[in-house]
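> What follows is a structure written as structure tokens; I'll ask about it next.
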């Protein structure tokens, strides 16, 4: 008993010595601010966590620019990591301080967008895909190629989202191009024009998609990975497919501002955020895919994030989205509107 | 009439009219002017976005044939829906006004306005359930006919027309009914007594006298249908791109309010021009 008391006192003393308050900048309700996760972190390390939120990527960058020293950990989408690094807002990650780093998927830690100037500036945390999903009642064997969208067997039972950018990106992948550097717009346009007669209707929300799929209107349609997991869980006969041409991906990383005064505590927090224990406990709340291969393996076998996205071969095929210039966005939108109007 | 009003009467009239005009100013004039202002901007004037006054949004309409083609498509839709509504609604109003009497008429009337009591979105979704490939309509026809039938009207222009006609039919029934009820029955009896066949009575007496009601109903239907966006989007599928859906996209999806506002004003101008061009015929009908 006395020994126990003594150790407790020692731990308390140790914590008191190095306890920092770190400030995290993230979207509200996006993993880092889960109560149980913060309680566990404070218990393990003694550090406390305060959150601040942003509602757009631009707001996040503005906050970093105007409040140096105010934040210790910030969530940055990989499309913006290079910009933040170029502006001197974030510092390179000291991977030696992150004990779980060896378990992170090398395909993600090596992602070019997260490694501006040749150094890792954001620890890959979560990611997801826009790809295709099929009705398993129609497909005895899952398709392996995006060309299934153009297959005459499914004319009138194909759908894509009513979004110019996404439509162009899918056509770019189908014509073997990089979605972030489309060179042959003519081919994209032709491919989309050929896709139009296949389409039954466009979808715009997860709810839409589920209704059309359960009514049998869709046999194959583009879809988001997180939504596909939810649709499956709701009992729809749906399978998410990552075809050989690839899929559109997003990747969120955790970065440390160059102005942070609590570098050690910040690294410790990121280390906890990529811990398998954290991911496994987050999973039932609808967590996105994990960057930690050990965490993926520790998930229940039926879990979407393990079965579909846990495979490193999937990560290798993904084309992660980079920022799109206003001029390109406008051109894609116009192409899309013209195609729709010509129907 | 105005000249004979005493000063006291005029003050009273102004007082009585004031709430209505104040309301019109608030509810129609101000939002419309705000939209007219938006249509002349280069970008949405929110936050720290840069903007200046320009005519580019109106020019965008002329630069590509896309918008004009869609507007033409919408006008054709408006004409089809209006014609079908009049064809279906006028006989219905005639029966209501001249054939059915007493309690039965009240009940029938209730049935006519019943769709107005439900939300339009609910009506469209119910049509979606009826029209889709393995839906109610297909199952019903399949049950009646001995051979195997599959009717899939969903996501086609036909579905859009069905949905719109159903939504707007009560307008033409109500306006025609009012006009028909005002026709003195003794006129029809006199014609019959003089040996006029039914066709002549309809063509020479009833139709000319009911014309104001029919025209009012037709205008009430045509104008909103040309700008409709919900029915084409939900029932038209990939063929459901119309002028109204493009305007909606500008406001909801692409956040280009200036272009959306400019397209709306062009629509307003075109609809007014159509009504003006048709006005000699309309005036003759209304006389």
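For all residues, glycine too, the Cβ spot is worked out from N, Cα and C.
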> Could you tell me which of the ranges B:109-130, B:131-152 is annotated in TrEMBL as transmembrane segment?
B:109-130
> Pick from B:45-70, B:201-226: which range does TrEMBL record as transmembrane segment?
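Of the candidate stretches, TrEMBL labels B:201-226 as transmembrane segment.
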> What stretch, picked from B:21-41, B:77-97, B:109-130, B:201-226, B:259-282, has the most CB pairs under 8 A with the transmembrane segment (B:154-180)?
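Stretch with maximum Cβ contacts: B:77-97.
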> Which residues, given as numbers and ranges, are at least 6 beyond the ends of the transmembrane segment (B:21-41) yet have a Cβ under 8 Å from it?
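Beyond its ends, the transmembrane segment (B:21-41) has Cβ neighbours at 51-55, 57-58, 257-258, 261-262, 264-265.
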> Report, as numbers and ranges, which residues of the same chain sit near the transmembrane segment (B:77-97): CB under 8 Å and 6 or more residues beyond its ends.
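Non-local partners: 105, 108-109, 112, 157, 160-161, 164-165, 168-169, 171-174, 176-177, 180-181, 183, 206, 210, 213-214, 217-218, 221-223, 225-226, 228, 232, 242.
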